[in-house]
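One structure is given below, encoded as structure tokens.
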Amino acid sequence: MIVSDIEANALLESVTKFHCGVIYDYSTAEYVSYRPSDFGAYLDALEAEVARGGLIVFHNGHKYDVPALTKLAKLQLNREFHLPRENCIDTLVLSRLIHSNLKDTDMGLLRSGKLPGKRFGSHALEAWGYRLGEMKGEYKDDFKRMLEEQGEEYVDGMEWWNFNEEMMDYNVQDVVVTKALLEKLLSDKHYFPPEIDFTDVGYTTFWSESLEAVDIEHRAAWLLAKQERNGFPFDTKAIEELYVELAARRSELLRKLTETFGSWYQPKGGTEMFCHPRTGKPLPKYPRIKTPKVGGIFKKPKNKAQREGREPCELDTREYVAGAPYTPVEHVVFNPSSRDHIQKKLQEAGWVPTKYTDKGAPVVDDEVLEGVRVDDPEKQAAIDLIKEYLMIQKRIGQSAEGDKAWLRYVAEDGKIHGSVNPNGAVTGRATHAFPNLAQIPGVRSPYGEQCRAAFGAEHHLDGITGKPWVQAGIDASGLELRCLAHFMARFDNGEYAHEILNGDIHTKNQIAAELPTRDNAKTFIYGFLYGAGDEKIGQIVGAGKERGKELKKKFLENTPAIAALRESIQQTLVESSQWVAGEQQVKWKRRWIKGLDGRKVHVRSPHAALNTLLQSAGALICKLWIIKTEEMLVEKGLKHGWDGDFAYMAWVHDEIQVGCRTEEIAQVVIETAQEAMRWVGDHWNFRCLLDTEGKMGPNWAICH
């Protein structure tokens, strides 16, 4: 086994120059440094480790070092260089798996000052350097300090333009930290049997003897790095046209909103607490006031006649009277960009907030306001106006104006290369960023069809035929309920699973929760499974918190297997529990449940345990599913990539969107995805049959 790291002049999409590399070899216990002129020798050393059946360890290697070396070898040496996946270990992947609850464990380090605030909860190598006590400074910070001392101006990214010996020193230190991190990770007995020295085994032993989760996360990271490099073909022109349409509607709404809500006066500038006129008790709920020290009704007498009252004193033209408190105010014109203004006008129209920020302010967005209804038609029209404005503003932010807007992320190849963290959530679910492709509006939401249609295989033309590619969209059928049925099966002998596959599960749930409609039941069960609170559940039937609590209670009473499952989870996790001053005090047996692939899935609170179990099961099923689908497609002779037959473009929770060279290939992808899902169910002895649904078409609007 060898541990390595490279430094180059840019991120993957624009990298052109290898600066240096370092290798630590466990067989010799030596560090070897490679400078720019040693690039060929460095590649030779890596290939020699592969030839021995050994392992190469990088931090973030799957996403950067490995593809960067392939690119640079061709660019600088005209050499074909490809490291096989099975020979590569990524400590970033292992860190995210083994320390998925890093934010919980980092609090002590943060308080002690061992970990800087900017590194809190981070899996970056620099953060691990601080945690492990191996940090010798950060190259960028030291480079900027050196420039300051020399009186030179820093330009963003210039520390990577050219090789220097300080860079070489930091490169060595990065490998020191990666080695220390690797050894910490390998010491976790849950994932790596302690009787095996994993630094002294070949790749076959490493993958077969470590926990299954280790292999799954590495395969997923490798595949999703490939997906990110593929990118999602994007119709820039269509979204630019949509932006023009949205901006015009926004202008119209701004005018209407200003006309509707006009202006008002509000307190501003008071410095003293208002006190009760009789008792003198401060009244903090009232606006702050000011008490003038000068001023009156009349000015002071100027002459004898005025003093004797024979002649009136002049009127005091000053605005205030000494000792008479007043509330300073300002004139405010309604500003639709102000959340304070919006929530004020909404509450005046009869809206009652149900969700608040950490600072106590009402949360105001289009989702929160979705179900808001008041009796007064005029006030309802005002609320609807605000709702539409917020929705339009959100679409504009997503598509064009926001920091992470789609138009800002279209690469030169006409594709959006969204980033995926395959294990970003504590449950094992992936998270998405730059931009977040998991938040593209659905086709049923306003402007959703135009948004989804912009993401499509049709926007990629084949390099040989010039024809547009075809899109295959496949999603897991009813995954959440099937996961629930799997875990319930030991308590109901598979009755719930049978109802899902052969009956009408939503009608069954409707009866169990005593809900008025089947649609209510669908909304209820998914809210229930995703941990919705009593208030949210109550809103399903247009009621509040108490009704929501009652619905949950009835559902559990009438579905005893779910109650038994919840109780079983509680018994596994909780030693004892009591409520003190509205807070649950828990004595834990352990704070994790076992995932399908053996991993520890950390639980934040007892009431979230069932939701965590189900979300983790769904995430791991889909993760293994996308891995197996690609594997089966390659086994059938298809090549992954835009220069081949199919290309993964997006994986979002329980669906994959795949670009295909022809309709025939798209059909093969849809059929293979179903085969792969069935394989996953068999592999983990799932107690409810797993299925997929596939659609073929030109873009995401059709294939979702």
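One is the number of the first residue shown, and numbering goes on along the chain from there.
Each Cβ is built from the backbone N, Cα and C atoms, and glycine gets one as well.
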Same-site residue for Mg(2+) 4 (record: Swiss-Prot; known: ASP475, ALA476; options: ASP643, ASP645, ASP654): ASP654
Recorded Mg(2+) 2 site member, picked from ASP156, ASP169, ASP174, that accompanies ASP5, GLU7 in Swiss-Prot: ASP174
Cβ contacts of LYS522 (substrate binding site) (under 8 Å, same chain, 6 or more positions away): HIS506, ASN509
Rounded mean pLDDT for the residues that make up the region 'Polymerase' (202-704): 92
For ASP654 (Mg(2+) 4 binding site): intrachain residues, at least 6 apart, with Cβ closer than 8 Å: ASP475, ALA476, LEU479, GLY618, CYS622
Inter-residue Cα distance where the pair is ASP174 (Mg(2+) 2 binding site) and ARG518 (substrate binding site), in Å: 58
Other same-chain residues whose Cβ falls within 8 Å of the Cβ centroid of ASP475, ALA476, ASP654, the recorded Mg(2+) 4 site, in sequence order: ILE474, SER477, LEU479, CYS622, HIS653, GLU655, THR692, GLU693
Cβ atoms near GLU7 (Mg(2+) 2 binding site) (within 10 Å, other residues, all chains): 20
Which listed residue (HIS506, ARG518) has most other Cβ within 10 Å, given these are binding-site residues: HIS506
Summary of DSSP states over the region 'Binding to host TrxA' (262-338), given as helix, strand and coil counts: 5 helix, 18 strand, 54 coil
